[in-house]
Amino acid sequence: MYQDLIRSELNEAAQTLNNFLADEANILAIQQAAQLLAASFKADGKVLSCGNGGSHCDAMHFAEELTGRYRENRPGYPAIAISDPSHLSCVSNDFGYDYVFSRYVEAVGREGDVLLGISTSGNSGNIIRAIEAARAKGMKVITLTGKDGGKMAGSADVEIRVPHFGYADRIQEIHIKAIHIMIQLIEKEMASV
């Protein structure tokens, strides 16, 4: 009954992945992001991750697999997803939703830390403010974006951009794969300490 729709969805996902994979810059960006994160961890830094909606879930997923585990048992790495409901609701109420991530970065971000900002459009105002706050703190910035990178294009030390202009779920599918590969590479980098 829905087999054609299922095949179509899987084919579109595969095509989006193949398009991403065809650009060597994307492969290098994932590698550079993982190396930047591992260097921060080796220097006693941490990563703060943030996103909205499904990207918020990806930010939490990323932090959880760094502090917990990915595939193998190993020491946890210092990762915090900016997701505390009391912080988010307080800042949203008192300052506005555009400040929910930047206020947290201002409070706990330090020079040598890394911010991972995730936005499929690249236009999320609260992620842009978090990037600005991270820069003011001397932090490095990695972004996961989509389409043309939006307003976030060019704002990161490392940008992993999925150049898909359709629905956001295709971009998110590549983001989660990039996240998993980054964690795998971080583990390899940290094992060489």
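Numbers run from 1 along the shown chain.
Every residue gets a Cβ built from N, Cα and C, even glycine.
Pulled from Swiss-Prot, these are the features on record:
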type: BINDING; residues: Asn52, Gly53, Gly54, Glu65, Asn93, Asp94, Ser119, Thr120, Ser121, Ser124, Gln172; note: substrate binding site
type: BINDING; residues: His61, Glu65, Gln172, His180; note: Zn(2+) binding site
type: DOMAIN; residues: 37-193; note: domain 'SIS'
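Projection of Swiss-Prot feature records onto the structure.
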residue: Asn52; record: substrate binding site; CB count, 10 Å: 19
residue: Gly54; record: substrate binding site; CB count, 10 Å: 16
residue: His61; record: Zn(2+) binding site; CB count, 10 Å: 18
residue: Glu65; record: Zn(2+) binding site; CB count, 10 Å: 21
residue: Asn93; record: substrate binding site; CB count, 10 Å: 9
residue: Ser119; record: substrate binding site; CB count, 10 Å: 29
residue: Ser121; record: substrate binding site; CB count, 10 Å: 18
residue: Gln172; record: substrate binding site; CB count, 10 Å: 22
residue: His180; record: Zn(2+) binding site; CB count, 10 Å: 15
Whole-number Å value of the largest CA-CA distance among Asn52, Gly53, Gly54, Glu65, Asn93, Asp94, Ser119, Thr120, Ser121, Ser124, Gln172, listed as substrate-binding: 32
Assigned element (helix, strand, coil) containing Gln172 (substrate binding site), judged by DSSP: helix
Pairwise Cα distance for Gly54 (substrate binding site)/His180 (Zn(2+) binding site) [Å, integer]: 16
Among His61, Glu65, His180, which are recorded as binding-site residues, the nearest neighbour of Asn52 (substrate binding site) by Cα: His61
Cα within 10 Å of Ser119 (substrate binding site) - qualifying binding-site residues among His61, Glu65, His180: none
Residue among binding-site residues Asn93, Ser121, Gln172 with Cα closest to the Cα of His180 (Zn(2+) binding site): Gln172
Cα separation, His61 (Zn(2+) binding site) to Ser121 (substrate binding site) (Å, whole number): 19
